[in-house]
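*Asks:* According to Swiss-Prot, the protein has these features:
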BINDING   76-87, 286-297  NAD(+) binding site
BINDING   94, 104, 133, 222  substrate binding site
SITE      140  site 'Important for catalysis'
SITE      189  site 'Important for catalysis'
BINDING   222, 247, 251  Mg(2+) binding site
């Protein structure tokens, strides 16, 4: 069996973290006999420097033909905020590949990390939810008008019933993967916004008509933001929300485990009902241009690779083995500086790769 994976390392620490994830995937390959065909392409600032665009047609076509895509990080001060920006490569690939659902889990890879949270350990212990963010609609892709000298600019938040139904089905599917099903939360601003009223009505009807075994609890986004810092376990389960709210709430959630270096993400183009959804996987952290070589935490990217195995490559057991290996490595105190350790990027990657090999051979 072989799987085709496109690598988009990106900028600054991106190539470093992708290299460690590949190291772990190669350990999986050796242990279980599956072949990974890696194809590397440029994205972001690296692509701008080479081709003048943040994502080349060649890279996009390669991604379309792959089983999955693993991305590092894009951006940095070098490329500024001009008309051609590294982040445009990300927006383009999400839209072109129809990656409509962004999944960002928030949990503790090991209880050894509880002390790193900016919130009290007793408040965050047991936090375990996933934010399901609609990724190709809403205000980020709506009509916009720049200031043309009249001192007025505008952005349009727009959603259709099919767009909301599609992301609701993704959230419901994920909730049903547990027995009993996980709690389902929908976040909106229905007390003010027309688009949120359509969102709430559509989510409610979709769950009632298609997933009668589930109940959805609606929460205003500002209230949810407060709950997240006061009592995050109250939101345990699956949280579904629109593009902008999802962007903000998942960034807020990302500080709960104490380091962005721990949090993976998946962007999917279809339900992972056969564990073969096409997806793009990336760490939640940015390109960290201020970090020197060997300093970045590779675990978010390694855990993104674990999600890739489980959701896109139909290698669920191998994905779980990576997650267990990460826990074992953290429990052993092998950590980068962001977690209070003294290990280098490569040392953490080596430790996880060795642990994965051990787990899969047993």
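All positions are counted from 1 along the displayed chain.
Using the three backbone atoms N, Cα and C, a Cβ is placed for every residue, glycine included.
Distances, neighbours, how buried they are, the whole picture for these features please.
*Replies:* Cβ neighbour count for residue 76 (NAD(+) binding site): 21 (other Cβ atoms within 10 Å of its Cβ, all protein chains included).
In the three-state DSSP assignment, the secondary structure recorded for residue 104 (substrate binding site) is strand.
Residue 140 (site 'Important for catalysis') carries a helical DSSP state (H, G or I). The Cβ of residue 140 (site 'Important for catalysis') lies under 8 Å from the Cβ of 91, 243, 244, 247, each of which sits 6+ residues away along the same chain.
Within the same chain, residues at least 6 positions away in sequence whose Cβ sits under 8 Å from that of residue 189 (site 'Important for catalysis') are 196, 220, 221, 222, 245. In the three-state DSSP scheme, residue 189 (site 'Important for catalysis') falls into the coil class.
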*Asks:* Other residues with Cβ within 8 Å of the Cβ centroid of 222, 247, 251 at the Mg(2+) site?
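*Replies:* Everything else in range on the chain: 221, 225, 244, 245, 246, 248, 249, 250, 252.
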*Asks:* What is the one among the binding-site residues 82, 286, 289, 292 whose Cβ has the most other Cβ atoms less than or equal to 10 Å away?
*Replies:* 286
*Asks:* Looking only at Cβ atoms, how many others are within 10 Å of the one on residue 222 (substrate binding site)?
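*Replies:* For residue 222 (substrate binding site), the 10 Å Cβ neighbour count is 12.
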*Asks:* For residue 133 (substrate binding site), identify the closest of the binding-site residues 251, 286, 289, judging by Cα separation.
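*Replies:* Nearest listed residue in space: 251.
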*Asks:* Same chain only, sequence gap of 6 or more: which residues have a CB within under 8 Å of the CB of residue 85 (NAD(+) binding site)?
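*Replies:* Listed in sequence order: 54, 75, 79.
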*Asks:* If H, G and I count as helix, E and B as strand, and all else as coil, what does DSSP give for residue 133 (substrate binding site)?
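*Replies:* Looking at the DSSP assignment, residue 133 (substrate binding site) belongs to a strand.
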